[in-house]
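To keep things clear, I will list the structure first and then write my remarks on it.
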Amino acid sequence: MQLLKKRILQDGKCYEGGILKVDGFINHQMDPVLMKSIGVEFVRRFAATNVNKIMTIEASGIAPAIMTGYLMDLPVVFAKKKSPKTIQNALSTTVHSFTKDRDYEVVISADFLTPNDNVLFVDDFLAYGNAALGILDLIEQSGAKLVGMGFIIEKAFQNGRKILEEKGVRVESLAIIEDLSNCCIKIKDQ
């Protein structure tokens, strides 16, 4: 995805500790044209699967998941980071946020994640794989099946992909960051 890579290099900001800030176009202010391109690419990569539901975790995964769901004409469900009083048949798990350095209990209603679902998980970042592992747990609890995981940006210098692939997960990342040393963004050629 050349458009995405160009945007990361142009507008992404690097901070110590392996943090890449893309809040000007992905996860605070969003670029709808870029989001559409991201959705189109996820559709291209997962069109041959039997996916019938798109899943994400709030909040930064919602925009790319909605775009992908819209383009595939599929429902989108997201795991919530706070359990509303109105949720019924809740499935829950604990997820550690790398960026915020805290744990969240994430929940989803079993009414919206069932054994009949073939799930594509879409999110903004893959770092250590914490959110993805939490989603795997929710999918297992529900009896649904995972067809794959799509990430806008992957940090290859962290071990999220390795952990997921060891569990048999298909991982597709649209931009892979090889290194952020000295606040220089190095993107892998794909």
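Glycine is treated like the rest: Cβ placed from N, Cα and C.
As given in Swiss-Prot:
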- L20, N27, K155: xanthine binding site (BINDING)
- A127, Y128, G129, N130, A131: 5-phospho-alpha-D-ribose 1-diphosphate binding site (BINDING)
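Swiss-Prot feature annotations superimposed on the structure.
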residue : record                                              : contacts (Cβ under 8 Å, 6+ apart)
L20     : xanthine binding site                               : I8, G12, K13, C14, F125, I153, K155, I177, L180, I185
N27     : xanthine binding site                               : A59, S60, D124
G129    : 5-phospho-alpha-D-ribose 1-diphosphate binding site : N159, G160, R161, I163, L164
A131    : 5-phospho-alpha-D-ribose 1-diphosphate binding site : I57, V95, S97, D123
* Within 10 Å of the Cβ of A127 (5-phospho-alpha-D-ribose 1-diphosphate binding site), how many other Cβ atoms can be counted across all chains shown? -> 24
* **Around the Cβ of N130 (5-phospho-alpha-D-ribose 1-diphosphate binding site), the count of other Cβ atoms that are within 10 Å** => 18
* To do: Sort G129 (5-phospho-alpha-D-ribose 1-diphosphate binding site) into helix, strand or coil using the DSSP assignment.
  => coil
* Give the three-state DSSP assignment (helix, strand or coil) for K155 (xanthine binding site). => strand
* To do: State the count of C-beta atoms found within 10 angstroms of the C-beta of Y128 (5-phospho-alpha-D-ribose 1-diphosphate binding site), not counting that atom itself.
  => 16
* **In three-state DSSP terms, the structure that L20 (xanthine binding site) belongs to** => strand
* Structure fact -> Around the Cβ of K155 (xanthine binding site), other Cβ atoms within 10 Å, all chains included, total 23
* In three-state terms from DSSP, label N27 (xanthine binding site) for me. => coil
